[in-house]
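Structure record follows, encoded as structure tokens.
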């Protein structure tokens with residue numbers, strides 16, 4: 001399996017800045033030698049992270065002038081110093097005078113020359129060290145090495161003061177670098193810290209990158225080639241892969257492209273997460289105690305099986321994991337980390353310095369997601385940001401963060417008027433009665449409080465603006481029929497079924513079952529055709545109350561017959577089930593527990609018994625329980641008589 005990698009860029013024709021290097025994405029482990037030898041780490045204060053772009057194709061090409069000075073790209077415009085070689089320019093960028101001028105630029109002060117800088121440093125060193133009366137001090141001050149050490153001590157002390165006075169910033173996951181070969185001075189290259197092994201300081205990346213470069217090959221790399229391990233686990237999903245950092249060159253449509261070679265990969269998925277509730281079964285057991293359902297037993301078994309499968313894969317890949325240069329692991333949660341670390345003969349150690357986290361957001365653990373993450377980690381980021389603008393923005397952000405902002409006082413709740421309070425009380429009472437299906441009580445309450453049957457709920461709801469909408473949406477036919485037909489003649493109008501909610505639906509449209517829709521037909525029969533435009537609502541033909549009651553009774557009898565037949569079948573099945581205590585109780589006790597099949601069977605039987613009693617009255621449940629106990633007593637008597 002292979003994945004496309006950032007493709008190699010054509011080498012520049014001249015050392016002058018050009019866009020040719022950035023026409024195609026750069027690969028961390030196969031950088032052009034021209035860029036590799038000219039990279040310089042940007043200061044932490046010049047982090048261009050906010051405007052990262054994956055490629056620089058949108059930057060327009062700039063043609064170098066034929067009459068331009070070939071060393072113009074290797075000059076420092078800040079200090080006014082020209083360098084003949086790239087090495088000289090790199091040394092100048094690391095020099096104290098360049099750093100000092102950068103600080104002066106932040107303070108909007110003019111730069112100083114190297115001679116002026118020497119005088120300033122000598123004056124600072126004299127003021128710090130005190131009088132130069134002794135001859136030993138004179139000798140030390142004349143020593144160039146001692147002067148250089150004093151310079152660095154002063155600069156370091158200044159840096160420490162600046163860092164202490166300024167608020168600490170979170171370290172960016174990307175190290176930003178610059179090069180004179182880039183199109184503009186505002187162009188930066190970014191590399192993830194996590195992809196560089198043994199990186200402790202930002203400046204070390206320049207010396208570590210050349211050691212990590214690989215030579216692309218036309219044949220598939222083997223496990224002996226440098227490779228990285230990527231692993232994700234969560235929600236019952238597991239994905240792992242070992243990917244070689246040596247790219248394979250392939251030719252497609254006449255174009256040579258790089259591809260990542262997957263040396264090994266494996267994915268698992270098992271049902272371990274509780275549906276519609278989230279969280280693993282182990283986490284739920286730890287929080288609320290062990291559940292005793294068939295689903296919980298299945299999830300516990302799947303968790304154990306998933307752990308065993310993952311550890312078996314890691315054991316089989318032990319040699320590849322031991323030789324991996326980096327280990328990228330995403331395992332959130334205690335149970336997921338226990339799966340990978342801390343068990344006997346564990347392949348992965350949590351203290352391994354090679355372990356990294358993914359420095360960006362990741363999705364579900366799949367093979368394609370691992371390949372996407374590998375490409376993201378190894379692709380060089382390109383950013384085009386003006387340093388001066390960034391410095392000004394950083395200073396403004398720092399000053400804004402240091403200024404104290406007054407604490408926001410919570411807004412006082414608006415005081416309700418007497419009328420609004422009364423409407424809120426009416427709505428609360430009516431909705432409570434509706435939930436209890438108290439249709440006569442609702443009619444009495446509306447009449448006694450002189451409220452219209454077309455009552456608008458307060459606070460209003462866009463889905464159910466009226467009491468009739470709410471009753472229909474909750475499939476409460478008795479309340480719907482009462483609101484439509486129980487209004488006192490001559491005094492009140494019935495609830496208006498033509499009112500539509502914000503979505504343009506009537507109460508009939510919100511009816512959740514057939515019985516609720518049928519009562520609208522009964523209301524059409526009793527109220528008459530002239531009362532409302534029933535056809536516009538989609539209400540069927542008129543239906544008398546006797547016909548409705550007969551249909552309801554017929555449906556009730558059919559359901560009872562079906563339920564009775566189901567109970568009889570279930571009772572017969574339970575009677576034919578072998579008694580666990582007589583058939584296998586002693587053997588299970590001798591083995592110290594029940595097998596998975598027995599556990600699932602027992603829980604399934606329990607769930608079946610609970611399902612059999614669902615819908616029964618309390619008296620029927622007690623009668624069924626007495627029958628079960630009687631059968632169990634008969635079985636015990638038979639065993640005793642057999643002895």
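For all residues, glycine too, the Cβ spot is worked out from N, Cα and C.
Owing to the predicted nature of the structure, the values given are computational and were not obtained by experimental measurement.
When the ranges 123-142, 143-162, 163-182 are checked against TrEMBL, the one recorded as region 'Disordered' is 123-142. If you draw a 10 Å sphere around the CB of residue 281 (active site), it holds 23 other CB atoms from the protein chains shown.
DSSP labels the residues of the compositional bias 'Basic and acidic residues' (553-573) in these numbers: 21 helix, 0 strand, 0 coil.
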